[in-house]
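J.: Feature table excerpt (TrEMBL):
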DOMAIN    508-631  domain 'STAS'
TRANSMEM  106-123  transmembrane segment
TRANSMEM  157-181  transmembrane segment
TRANSMEM  238-254  transmembrane segment
TRANSMEM  266-286  transmembrane segment
TRANSMEM  399-417  transmembrane segment
TRANSMEM  423-440  transmembrane segment
TRANSMEM  452-480  transmembrane segment
Amino acid sequence: LRITTESIVPGMEIHNVCLPPKKTTLQKLKQRLGEIFFPDDPLYRFKNQTWCKKLLLGLQFLFPIFQWGPEYSLRLLRSDIISGLTIASLAIPQGISYAKLANLPPIVGLYSSFVPPLIYSILGSSRHLGVGPVSIASLVMGSMLSETVSPHDEPILYLKLAFTATFFAGLFQASLGFLRLGFVIDFLSKATLVGFMAGAAVIVSLQQLKGLLGIVHFTTKMQFIPVISSVFNHRDEWSWQTIVLGISFLVFLLTSRHISMKRPKLFWVSAAAPLTSVILSTILVLCFKLKTHKISIIGYLPKGLNPPSANMLSFSGPDLALAIKTGIVTGILSLTEGIAVGRTFAALKNYQVDGNKEMMAIGLMNMAGSCSSCYVTTGSFSRSAVNYNAGAQTAVSNIIMATAVLVTLLFLMPLFYYTPNVILGAIIVTAVIGLIDYQAAYRLWKVDKLDFLACMCSFFGVLFISVPSGLGIAVGVSVFKILLHVTRPNTLIMGNIRGTNVYQCLGRYKEASRIPSFLVLAIESPIYFANSTYLQERILRWIREEEDWIKANNEDTLKCVILDMTAVTAIDTSGIDLVCELRKMLEKRSFQLVLANPVGSVMEKLHQSKTLDSFGLNGIYLTVGEAVADISALWKSQP
């Protein structure tokens, strides 16, 4: 289609492009820092309040328990008791299992299901988050620490490093929240997490073949090929009793999980299945202990409260760097999972979870946990889903769960003596299998191939290299994607929709048509040093292609190039140099360069750099439509 300048909306009023209100450098800095660190304006509640009210609001801000505590009722307590006992039935076997996954004594998993939930119930802002050990953080901690220190040859050193790594994980998490640097965890995109968790779930499941097959001598490596090789190289250690017991309870656990997924009202079936499996398997082994000597059991677990472990924190020595690195990696992963889970269930109940407060709550919880024989904990999706479906109303459900764990620690530990290790493996496989989200991977493939690439890099990196390397590859691909968007921004050729003042992409809208003698280009990104050279080359190529099109179609000669800068949200000195150079180059070729709708910050920098002086009166307009109308009228008025 071809459109003439006469068909553009007639009688259009031409507006001046104004500079933003003048501000001092200090005012600009204050506003910019506020947008970076305080986008939610957390102190807005304190405005125009009395000192007593501010004190109360301050307590509620630091300790969310003061928000819902005064309104707590017996009805809410009844719901929280039911949900707390329900998640306790899941947390106890999961705690023991995940501790084994981290190569820690099983009792540490129960310790980690007691102290952290109590602290979170006071500091946390989510009403439904079920706190405790999680599979991914357990796997990462176990794989990273065991690469350097053997949990079997040096158990005390390994335990010290685990507690020290937990302390640094908490310190890192709390620091991110206090300094309001939560955007750091955004580098773990949804695509990378889908691939990472799927890869980790496969590795975790394969590692459980040791317990499910009854293998004694098993590889400590966490890669796909060594694990599979170890399984078949030790076929002589396979125990048919263990295999039968393991497969039977694995089928039972997977069936209960399937029932609960198909019928959400039967959530209690999958929630109670792990503890039921532990009880039944323990009874079976106890009844047939003379005939089941080939089935390995947990053995002795000490009774009593969490022993203090502050004296086991090590802040010196050759392994300190390993503890810090492990703490940061597990801290980021557990923080990402905890906040994502909290926000998911908050959205279902229409309330907000403050990300920075959650970071501080989870961080302080882990720092306190490291001093009370706990390892890294966060909000678990499986536990939180059960908590939500069981009708939890407040964080008191975590207190009820912790109370149930306390009773277990004080009185019930001898009952776990004959619990077979194969059951722990079956519980872990059932828990992590839900992390393999093939539907999400398929959606990534359909929507964004680059996101799918990041997902696959993360998945295969975890599977064939190592868990930390897989995570590093995933983050690297995500950063590369960001750099690609920044350094190679999108540019479009625009056309006018007949009878309107609207300009849209020619390739997208068939109704859009070229304006004779005009080339309208839109830049859809900030103009920085990283993309200024590319943009110059791309704009010149657009001009060359437009001239070729004009010759091929015998159209009017190109006279004016309009840059629609609506989407250019920022510009630096390299970008300003680009604009100046482009204007000079086009001027030598008898083309006029016009800027349309520069935003306030861009306009201000162009003014301060004196760049606007070279554009003259007809070089900058509020809209593309006004630019076309005014310049067309100017050409007509010339003899």
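Note: Cβ is positioned from N, Cα and C throughout, glycine not excepted.
Keep in mind that TrEMBL annotations are predicted by a computer and have not been checked by a curator.
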J.: Need one number: mean pLDDT over the domain 'STAS' (508-631).
T.: 91
J.: Are there residues at least six beyond either end of the transmembrane segment (106-123) with Cβ under 8 Å to its Cβ atoms? List them, or say none.
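T.: Cβ under 8 Å, 6 or more out: 62-65, 91-92, 94-100, 129, 131-133, 159, 162, 298, 301-302, 305-306, 357, 360-362, 364-366, 368-369, 372-375, 377, 395-396, 398-399, 401-402, 405-406, 408-409, 413, 416, 424.
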J.: Any chance the transmembrane segment (423-440) and the transmembrane segment (266-286) are in contact, meaning at least three CB pairs closer than 8 A with a sequence separation of 6+?
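T.: Judged by the Cβ rule, the two regions touch, with the required three close pairs present.
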J.: When you scan the chain for residues with a C-beta under 8 Å from the transmembrane segment (238-254), skipping those not six or more beyond its ends, what do you find?
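T.: Beyond its ends, the transmembrane segment (238-254) has Cβ neighbours at 211-215, 270, 273-274, 277, 280-281, 284, 291-292, 294-296, 420, 422-423, 425-427, 429-430, 433.
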J.: Please list the DSSP helix, strand and coil residue counts for the domain 'STAS' (508-631).
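T.: Breakdown, helix to coil: 59 helix, 23 strand, 42 coil.
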